Amino acid sequence: MRIALAQIRSGTDPAANLQLVGKYAGEAATAGAQLVVFPEATMCRLGVPLRQVAEPVDGPWANGVRRIATEAGITVIAGMFTPTGDGRVTNTLIAAGPGTPNQPDAHYHKIHLYDAFGFTESRTVAPGREPVVVVVDGVRVGLTVCYDIRFPALYTELARRGAQLIAVCASWGSGPGKLEQWTLLARARALDSMSYVAAAGQADPGDARTGVGASSAAPTGVGGSLVASPLGEVVVSAGTQPQLLVADIDVDNVAAARDRIAVLRNQTDFVQIDKAQSRG
């Protein structure tokens with residue numbers, strides 16, 4: 001399977017960002033990719049009020065993604081925001097394939113919220129609850145968003161649900177060691193799940209993080225998108241600037257790794273005990 005990662009730099013205008021989706025999806029299709037993965041917050045970058053741009057998954061922006069997928073003949077995974085009843089939004093991925101109706105046509109709401117490094121995502125974002133796996137040209141693809149990557153159990157659960165490739169769409173926070181952590185986490189989650197991991201991040205915004213209502217603590221991207229193999233090897237990686245990565249993956253390697261290393265098969269439940277009980 002040939003996949004592409006679109007490391008873009010989202011702005012605050014959803015219509016302009018949708019044009020970026022069209023541009024990169026077309027380039028990915030021309031390169032022969034069957035799937036193109038965009039970052040978290042493709043619809044609108046983080047660090048600005050999101051409620052005013054949020055739309056339902058059957059709204060105009062998501063339907064624009066579906067149209068692009070059909071016109072380009074490629075499955076698109078992209079980050080957007082949807083409204084909730086409590087005034088917050090969900091941090092959502094839409095996965096839309098070509099066709100009428102689109103196949104696949106699914107969405108995932110980010111489960112683990114980024115209440116860390118001085119940022120409180122849960123103040124404006126409501127969490128999702130359910131892991132999601134979609135099928136793209138016969139390959140089972142798990143969906144995750146940014147901070148999810150720090151939680152190995154989600155990745156092993158997706159693998160147990162049959163995921164052979166797991167997409168993580170991010171707008172990673174900058175800071176000392178953060179790019180290195182991103183790379184290490186993507187490789188580690190590939191090893192945990194014995195899956196390919198397609199880690200698509202926002203490009204480094206440079207000096208673009210200004211504007212009314214902007215938050216300096218918001219994670220707005222560092223680049224460094226990559227594909228990791230089931231053995232944790234980096235198949236392909238990007239720098240910090242906007243770029244389209246293309247990689248060929250062989251899902252037979254997933255089955256081979258799971259058979260040879262057997263992490264998922266040999267994982268054993270254990271009883272938690274307190275410190276007093278653990279003293280011999």
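From the backbone N, Cα and C atoms, a Cβ is placed for every residue, glycine too.
Owing to the predicted nature of the structure, the values given are computational and were not obtained by experimental measurement.
Copied over from Swiss-Prot:
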| type | residues | note |
| --- | --- | --- |
| ACT_SITE | Glu40 | active site, proton acceptor |
| ACT_SITE | Lys110 | active site, proton donor |
| ACT_SITE | Cys146 | active site, nucleophile |
| DOMAIN | 1-251 | domain 'CN hydrolase' |
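Structural mapping of features recorded in Swiss-Prot.
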{"residue": "Glu40", "record": "active site, proton acceptor", "Cβ neighbours (10 Å)": "32"}
{"residue": "Lys110", "record": "active site, proton donor", "Cβ neighbours (10 Å)": "24"}
{"residue": "Cys146", "record": "active site, nucleophile", "Cβ neighbours (10 Å)": "28"}
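A distance of 7 Å separates the Cα atom of the residue listed as 'active site, proton acceptor' from that of the residue listed as 'active site, nucleophile'.
Secondary structure from DSSP puts the residue listed as 'active site, proton donor' in coil.
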